[in-house]
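Working notes for the structure below.
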Amino acid sequence: MAERTYGVTPPLSLSLPTEAEKRSNDLLLKELRAQGTFESAAETAKREEVLKKLGEIADAFVKKAAVDKKQPSVVVREARGRIFTYGSYRLGVYGPGSDIDTLVVAPKYVTVEQYFKFFPDLLLEMAPPGSITDLTPVPDAFVPIIKFEFAGISIDLIFCSIQSMVQLPVDKDWSLADNNLLRGLSENEVRSLNGTRVTDEILHLVPEPATFRLALRAIKLWAQRRAIYANIMGYPGGVAWAMMVARVCQLYPKAASSVVVRGFFTIMRQWPWPLPVLLKDIEYSSSVARVAVWNPKMYPADRNHRMPIITPAYPSMCATHNVGKSSMAVIQKEFELAKNLTEEILLGKRPWKDLFAKHTFFTKDFKYYLTVISASKTREAQNTWAGFIESRVRVLVQRIENHPSIGLARPFNKSYERVHRCKNDAQVEEVQSGGLAYLVTETSEDTNGAVKPEVKPEVKSETDSNAHAARIKSELTEEPRLDSIPPMKDEDGEAKIKLEDVSEAGHETTIYTTNHYIGLQVAVGAKSLDLSREVDDWKAMCLGNPLYDAHMNSLTIQHVRDIALPDDVFEPGEVKPIKPVKKKRVAEEQADSKKRVADELADNTRIKRQQTTAAPA
């Protein structure tokens, strides 16, 4: 019987692992364990119990929805829901603290309105007392979702009803692989269902799942440490990294995970983008779903994808449509560095831990940064406002990176959430402009929910207060200089939260902020830099959204130098940049030092002469 061929091209090698490659593979596994990427058996068992309980709640939910819809008694009696997972948990590459991406599937008569009406209450009723925390339904999301923690495990729960089914099968092995299940579904419903379908297809299309999982754990850890893991910020997300690793596994079907990791960086660095990464041929013949299949020959938007990685389940989509010019350049540079590293590691010249070294985004990569500061007067309002702003940071990056004077605009892949206590409008405005003088810790909240100020050393503001007056506009001479961007006013004349909006006179108020950082590199030969138009247009777009409430939210963009970055972006052991000493000042200090030494020598010589003259004959 002929061996199965995986992928759209023949394999590059069918070689079995050598003894040296096996030893390297063992060292990789040992390092990944040392890095804490595996959780204990007890933690995994806890996840399984949580999913089992969610399955019971899903059944109760569907029965309640059936009664609410006045379905026949036989339908109510046989009503059941199903829980599916997707993402890292279903792929088998989850670790300590990982969330579980979860999908509730229901029959056709169950609606999304019922999902948000009944499911949150059933969670609280049926789960063990106190086990459900941070319950946050988000019905207005493109893919409606309920977020919560169940026994300390973070759950993202989405929903889909199958329009072709009045009852779900009893068979526990029933899957979502059949394309006909997509009939009658809207685009967001197809996306909900396809999370699981894509994950299952990836596992079906790799030669050795165990080899794939170990290699993927290594690539995920590397991408996270290098700060290039976040779909929303313009980098590949978890499913995209998984598909790239799966493609390399197809090309080396019998290789050890260590060889797959090395091959991953070699192949992806040399990949002729925008040629798409495909795990199988795209299905164009099926017309079950209402969602368009990725097709660059037909759709101009698809032709603009710089780094297309295409999902294998119908309807195929590009998982990396967010990757822009700057993030692509950063990813390519990281591929090159990792390729050279893994070659030395496989030769035994370096340890695997060198591959997982942390990024230097804040410590040395950039001299200039923009920080996007969203703020709100309540935690709930900030969750919504900050989430919206986060989804738009990528748009700001795209506008900035197209400026002729910008060589690179790299967003950091994570945000920084902070809590502040203010006593007057001046303090509120300072916080909204990046000030950290009134920072507190959420762990210092008392039992009544009030926030107690944290005793902290003095923290500098992210921006020099004297730089507030000017826009990002300057003439670039020997060294480019960026000034801050003044806050933009709304139609009513003010885009700031007033203290009277948040508390009674004489009382302190809490302001919640979320900061996103964008590292800037000025283009070689740039003579001037003015980002005010790009920033103002983007800010107007955000403040024009219905989610913006002038009395509740604010948005500020500020310039910050590397030497003025706040302390909390640096981890223990990292060295914060310091202001360099100018060469002229160093020369002057050296000259002064030489003069002092010369003066001291002259004084000593004069004293000795005087002593000699005064000596008796």
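Glycine residues also receive a Cβ, built from the backbone N, Cα and C atoms like all the rest.
TrEMBL entries are annotated by machine, without manual review.
In TrEMBL, the feature region 'Disordered' is placed on 447-469, out of the ranges 447-469, 470-492. Ranked by Cα separation from ASP99 (Mg(2+) 1 binding site), the binding-site residues TYR229, GLY238, VAL239 are led by GLY238. Packing around TYR229 (ATP binding site) is summarised by its Cβ count: 21 other Cβ atoms lie within 10 angstroms of its Cβ, all protein chains included. Looking only at the binding-site residues ASP99, ASP101, ASP156, the densest Cβ neighbourhood within 10 Å occurs at ASP101.
Each residue in the domain 'Poly(A) polymerase central' (211-358) gets a DSSP state, and the totals come to 77 helix, 4 strand, 67 coil. For the domain 'Poly(A) polymerase nucleotidyltransferase' (7-206), the predicted model reports an average pLDDT of 95. Taking the Cβ of GLY238 (ATP binding site) as reference, residues of its chain lying under 8 Å away and at least six apart in sequence are, in sequence order, GLY87, SER88, LYS220, TYR229.
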